[in-house]
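Now, the feature entries from TrEMBL:
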BINDING   A:C71, A:C74, A:C79, A:C89  [4Fe-4S] cluster 2 binding site
BINDING   A:H112  CO binding site
BINDING   A:H245, A:C273, A:C318, A:C518, A:C547, A:C582  [Ni-4Fe-4S] cluster binding site
DOMAIN    A:401-432  domain '4Fe-4S ferredoxin-type'
BINDING   A:C412, A:C415, A:C418, A:C460  [4Fe-4S] cluster 3 binding site
BINDING   A:C422, A:C450, A:C453, A:C456  [4Fe-4S] cluster 4 binding site
DOMAIN    A:441-470  domain '4Fe-4S ferredoxin-type'
Amino acid sequence: MSELKTGTFSVSDLENVQINIGSIVGAIEKTAAEEGEVGPTVKPNISGLRDWDYKLLERYNPVYTPMCDQCCYCTFGTCDLTGNKEGACGINMEGHNAREFMLRVITGASAHSGHGRHLLHHLIDKYGADYPLKVGQTNIIAPNVQMVTGKKPETLGDLEGALSYVEEQLVQLLACVHVGQEGEAIDFESKAMHGGMLDHVGMEVSDIAQISCLEMPKADENAPLSEIGMGTIDSEKPVLLVIGHNVAGVTNIIDYMEDHDLTDKMELCGLCCTALDMTRYRTEGGDVPKAKVVGTLAKELKMIRSGVPDVIVVDEQCVRADVLREARELMMPVITTNDKIMYGLPDRSEDDIEDIIDDLKSGRDDGALILDFEKLGEVAPRLTQEMSKIRKEKGVVSLPTEEEFNELTSRCVHCLTCELECPTNLPISDAMTAAEEGDLRPFEILHDKCVACGRCEQACPKDIPVLNVIEKASQRVIREERGKVRVGRGQISDPEIREEGVNLVMGTTPGIIAMVGCSNYPDGTKDLYRIADEMLRRNYIVLMSGCSAMDLGMYQNDDGETLYEKYPAKFQKGNLINVGSCVSNSHITAATIKVAAIFAQRNITGNYEEIADYILNRVGAVGVAWGAYSQKASSIGTGCNRLGIPVILGPHGSKYRRALIGKPYEEDKWKVLDARNGETMDIPPAPEFLLTTAETIDEMMPMLAKNCIRPSDNNMGRMIKLTHYIELSEKYLGIMPDDWYKYVRNETDLPLARREEFLKKLEQEYGWDIDWNKKKIVSGPTSKLDVSAQPTNVERLCKEA
Amino acid sequence: MADVSKNLKVYTTYGPKSARGTKPAIVAKMIEKAKRPLFVVGSEVLEEKLLARAQAIAKKGIPVAATGHSIKGFIDEEGVDAKYINIHFLGSFLCDPKWAGLDDNGCYDLIILLGHKKYYINQVLSGLKNFSDLKTINIGKHYTQNATLSFGNVTPEVHLEALDELIDNL
Ligand code: SF4
Ligand code: SF4
Ligand code: SF4
């Protein structure tokens, strides 16, 4: 048959003709090219951005802290790699740990893009491949997709190509994990970066698809507020609890409830990102959220053990493996709705709705797999109403009674086994003693710090259900757990970037603090509030997502306001934004990409390296994943890292076993080129790391300010950033930082109110030459202030390199 | 008859190499023998009774790397040479023979640890165990497998007693 060239053509007056279209990739690529400039890395393969990764890794060295010194990947093993020894296949400890880190990253990326694929299938089925993508006021609908794949998607169908690319690359990366493939740590690291980059493409596909189809807020600074907390759930009503990340099936439940006038008659509530996405569903334009958020993964077992839910629906990701076993004890039927989690339940997708409801309410089955969302939409709410009656009649209770509670606390022999097993070594034994004496406060404090993992119960030689004891003791505080979270708004709009981009690059907005990730905090949930409040008062832009976004909404200030109520939600200094669920993290990287595209007019299409280089050197943004626990968090973070955004983790983050830390004392590492002429410029060590941990938030506060410093700051910007760094160090550590002088290029960089004091210090402690008549620095600084310099790490971007 | 059936229980493990148990007197001797010891404290050292002991150890002339926000407990303490550093950074620098130390006097040969979260310090120590020749001693109240030497799991009371004994021996 004849071959069609790219372009448009029309076919009319055909009869009895079958047209087969194989792939229209060429045509789409042409479209992208017609849009304008295309950079050198359209759909980069595994080695496509290796040079860039090597540049980053040369400055930011991988730091491995293995969690297991052995390897048991293949039947040559088990191999002892202690002390960086080699295993039977020749891989050493560094290589093995880099391999494991990469595996973690691509597992996370697969979870997001698998989720995206499922959603996309579902939405294309429902809305058609031509359904237009609508994400708000923007000309760059999908910055990550466009930057990486070189294409500007406009319809749901256009997203398929981006996702296919991600899937293909993930297979290639997974292949490298096989024994006898990659051997060097540095190339596993580069591959991990590749996986992280892919993750942001996969997340972006997932989120813009659902934003477009499910009437979610579209870059809306006025997105509504939703209720959050265990205390907001009315347990007198039938309660349907949803757990997971994929809102597809839940939308059918919400629709059914509305159509059947059930919305006020029962409670629909959720845990983890499904909860966040339920509140986004059909709230475009400010409508009230149709569900409540219970909280994060750390509330999963607590909520089930409360006995409040009548039915549980799970979809995918971050769902405990024992939900069915736990729920069974409490007569809560479990419906699984996604083939990633099926719990061994019978597939009832094809069965009659009445039969399914009968089998579940009679207790013949503990649960059902229902992959048909129409059916799910009807079964779940109807069953919830039935189960509520049945469970109330049977008087199903979960937590111990007062007497049982007293018996349990006195049964404790204070052997401390539970404390040694507890991931954070919480002081359970002392709390038992206090409770015996009638003081429940220690348990109430534990309740907030406990992530409800259940390990203590598994360990207790006296069979004390420790978590139930904690929860029983904490009923008072649980009732008070009521807050507000702003519904996820999705992208940052073009007009917002246009206004704020200049302030970010010059530094007059001191930086973006993006608080993302899960709830494995070292010291309870309130830390998030403290971080956000401090940084907002200092005019940083604070972006939230996922479980962190939820926990932030759990606290009120003295006026009874949550931070979401206190601070406006525009993308500008001193504002607080919730972008949305896990997959909405792509909008955080997207915002930085858009600064390069809109403010600096850089081409982003297929132009990863240049954009990452721009962000590393000019956009002061730091990610915080204070309670990161998941593989997804490692891929989100690594995607940020490749794009030049540093990330700080809480102390549990050390269990990711790999950090990327620079050495400020290696002076040759802190140099860049000036793109105007290719000359070398000294820069201060900022950011100092791409991935590290902090022990406490008091330690982290000054780290945040310091690592928002960028070579491009103008003097006003540097002065503002340095002021915050010094002030936060003084406030939280009680000291003047000992490296503050490295960030001073001339006297105008010094905090205005304390200029004289600091000039004196520079003269006396660091031997700098000061002209006291003019109050000017004569000599001393290593880096120079030149506002028109164009810092870059990429030689080819220099004019006369 | 030798009883070989005792103490075989392993809880969770990092691998075949485990810290040997140690006593205050031995720790004191090792500190005395070391050329460049470094006392690395974490934020949990700020608890009042522990802090008094940590300051006393520091005053014996051992430089302090104050990690987390523990530096708050060492400011303006006479006879204490303490500097703030992030422990993940410190773990990285300690594996680098080119690092000149917190005071530019060269790298260290003995690391003594106190007041850290058990899981956190075990990770940092895992890096040192696998990628450096440094000797590390944890004198906290939790046994940490990845140190070279460690106190066992002890109650807070026994722990304070052990620290007092160590101070007396220094
Ligand atoms: S993959 Fe290599 S190090 Fe691991 S068990 Fe096999 S031979 Fe040993
Ligand atoms: S393990 Fe059980 S008996 Fe031992 S301290 Fe903990 S709760 Fe008490
Ligand atoms: S359930 Fe809570 S108290 Fe028990 S081990 Fe887990 S975190 Fe610790």
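Using the three backbone atoms N, Cα and C, a Cβ is placed for every residue, glycine included.
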*Same-chain residues six or more away whose CB lies under 8 A from the CB of A:C547 ([Ni-4Fe-4S] cluster binding site)?*
A:C272, A:C273, A:T296, A:L297, A:A298, A:G517, A:C518, A:S519, A:G627
_Non-site residues, in chain order, whose CB comes within 8 A of the mean position of the CB atoms of A:C71, A:C74, A:C79, A:C89 at [4Fe-4S] cluster 2_ = A:C72, A:Y73, A:F76, A:G77, A:T78, A:G87, A:A88, A:I91, A:H96, A:V179
*Around ligand 3, within a Cβ distance of under 6 Å, which of the binding-site residues A:C74, A:C79, A:H245, A:C453, A:C518 show up?*
A:C453
*When DSSP states are grouped into helix, strand and coil, how many residues of the domain '4Fe-4S ferredoxin-type' (A:401-432) land in each?*
20 helix, 0 strand, 12 coil
*asked:* Between the Cα atoms of A:C89 ([4Fe-4S] cluster 2 binding site) and the residue listed as 'CO binding site', what distance do you get, rounded to the nearest Å?
replied: 32
_Rounded Cα-Cα span from A:C71 ([4Fe-4S] cluster 2 binding site) to A:H245 ([Ni-4Fe-4S] cluster binding site), Å_ = 32
_Residue among binding-site residues A:C318, A:C415, A:C456 with Cα closest to the Cα of A:C74 ([4Fe-4S] cluster 2 binding site)_ = A:C318
*Quick one, of the binding-site residues A:C412, A:C456, A:C518, A:C582, which Cβ has the fewest other Cβ within 10 Å?*
A:C412
*What's the CA-CA gap between A:C418 ([4Fe-4S] cluster 3 binding site) and A:C456 ([4Fe-4S] cluster 4 binding site) in angstrom, rounded?*
4
*Within the set A:C71, A:C273, A:C547, which binding-site residues show a CB-to-ligand 2 distance under 6 A?*
none
*Quick one: which of the binding-site residues (A:H112, A:C450, A:C453, A:C456) have their CB closer than 6 Å to ligand 1?*
none
_Long-range Cβ environment of the residue listed as 'CO binding site', under 8 Å and at least 6 residues apart_ = A:D199, A:G202, A:M203, A:S206, A:C582, A:V583, A:K632, A:S635
*So of all those binding-site residues, A:C71, A:C422, A:C450, which one's Cα sits nearest to A:C412 ([4Fe-4S] cluster 3 binding site)?*
A:C422
